[in-house]
Amino acid sequence: MNKFDVVVVGGGHAGCEAAAAAARIGVKVALITLKPENLGEMPCNPAIGGRGKGHIVKEVDALDGLIGYIADQAGIHYKMLNHTKGPAVWGPRAQIDRALYKSAMYSTIMNYPNLTTIFASVEDIKVIANKVTAVIVNGKEIYCQKVILTTGTFLSGVIHRGKEQIKAGRLGENASYGLSNTLSELGLRLGRLKTGTPPRIDSRTIDYSKLEEQPGDLIPTPFSEITKKVLVPQIKCYITRTNEITHKIIKENLHLSAMYSGQIQGTGPRYCPSIEDKIIRFSHNASHQIFLEPEGLNSNTIYPNGISTSLPSDVQENMIRTIEGLENCKIIAYGYAIEYDYVDPRQLKRSLEVKSVDGLYLAGQINGTTGYEEAAGQGIMAGINAALAVKKQDPFILDRTDAYIGVMIDDLTNGIDEPYRMFTSRSEYRLSIRADNADQRLTPKAIDLGCVSQLRKEVFQKKLSKLNTLRDYVQSLTITPKQLQNCGYQISQNGIARTAFSLLGLPNFGINIVKDIYPELNRYDNNLLLLLTYESKYHAYLERQKEDIVLFKQEETYQIPQDLNYDQIPSLSIEVREKLKQSQPETIRAAKHINGVTPSAIMAIIIFLKTKYLNSSITDKK
């Protein structure tokens, strides 16, 4: 076979999602990756999800993507992060068995309808009159209408460990230099980014008696709506910390770190700093937390999350053995930093197609993101849009009000200057685009596109029907304050009747109390009642948020006084303050387009200015 509608280059998280999504739309797809074992590879931490990231996993699943369902076949330690806060910012996360994940992904991709997998290296892309026509594999052309590049860290990748430099996309795998040259020749602006990984440790050499246990959730919450129950055995993780001796060794050897010797020019991820960065940027901290994460049920390898490093191997040995519980540990593989090319994502349409090259799409780390989840979110969008373009249909665009995927793509196409990672704080609409309602928001859109399986469609429609029926029912149940008092529950004695739906969202009520008042609710699915609880809890806030959105859009053009002291705005993060002070934007619109200045930060500035200049317009303040 040498002719396809869509060719996907790379078999990581972005590539697998892109290929599967395009295939679901019904076009002929080829996924080209170097080796079978590359499919679904997790080269960094053995975990999926988290704050913001977990939302993307749920959204990809809602579009009938792979990452959530595959993760549920390999999840060995589930944890709902931020559970003490509101449901809008809960972050579903799971430790993943690498071998199980890769096996499940391989089986899925190799048996996917409309999808052919080719194990080879793509040497070049053929472009005629600014239009993709083929990819070059082993000197031969494979013709196609659309190409999706999901190259990860392979574009001109260089591994750094101390003074050692190795040309590689990952340890032991060759980098791609031809594609970097091709992209440059096409006139695309490339930049250089960096990420890193910690040393891996033999679990049999760790003294767990000295460590703090970190159990997972008693009842795992699956990522996928298709998953009825997590069947994989669950295990514990452990926590330890660096100490002053650890920091002393690192400081004494900073000149040997590739990051601090000037050897690496690429920008590293702000939110996943190396241990060298941590002890410099946070020198006031006496220690830093390390999560010891198992890489699998049958693996002796531990991933020490929190100490990625580019220090020489001997320094890594000395450093790690100062840490409690790791005094006699054996290092299986040493940590390293990797530097790679990325394409400035401002050159992309929101469909993830390159503006200047018809039919060329980019997804994943090539766009400057970091993380499996961000890659998967871009991959599924690129795959859907490439397939729609083949069918000459309009692109599928998610905006900031639709999904975290929409927030991410909007942020990327407005420009970034450091590896991009998703957080809930990046969304000004996070109360409405929650993890729990991802399917309600996106699965109907996916059904309309024709990119969901019959199983997904049936599962969703059955759930939605039950949810709507239950919502109508709890909204029909009413009770007066006096009747509530007779049941033993106090509420404002204003004579106004409440519905069971409104009671679900009250701080001192919730499911159990409402069930006590209405025992007939015990026959309904508790998970559906939970969804209605979240809806009720945020109902009033969502109404107010509509006003915030109007205010936000109206006040984008307001001018900012040049003497404004950003330190006086307490809700701004240190990062945001630094960027505002550096850029000194003249208007709210200018501030909005500074990378890293979140929509919630913009709202905080507007409210601060409104308060400070309460009796006059802020538009003329200088």
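Just so you know, glycine gets a Cβ as well, placed from its N, Cα and C.
Same-site candidate for FAD binding, as annotated by Swiss-Prot with Gly10, Gly11, Gly12, His13, Ala14, Gly15, Val122, Gln365, chosen from Ser156, Ser176, Ser313: Ser176. In this structure, Ser274 (NAD(+) binding site) belongs to neither helix nor strand by DSSP; it is coil. Taking all protein chains in view, 25 other C-beta atoms sit within 10 angstroms of the C-beta of Val122 (FAD binding site).
Counting neighbouring Cβ atoms within 10 Å of each of the binding-site residues (Gly12, Gly268), the lowest count belongs to Gly268. Neighbour list (Ile280 (NAD(+) binding site), Cβ cut-off 8 Å, at least 6 residues apart, same chain): Leu254.
Cβ contacts within 10 Å of Arg270 (NAD(+) binding site), excluding its own Cβ and spanning all protein chains shown: 15. In sequence order, Gly196, Ser257, Met259, Gly268, Ser308, Thr309, Ser310, Ala337 constitute the residues six or more apart from Ser274 (NAD(+) binding site) in its chain with CB-CB distances below 8 Å. Here the binding-site residues are Ala14, Cys272, and the one whose Cβ sees the fewest other Cβ atoms within 10 Å is Cys272.
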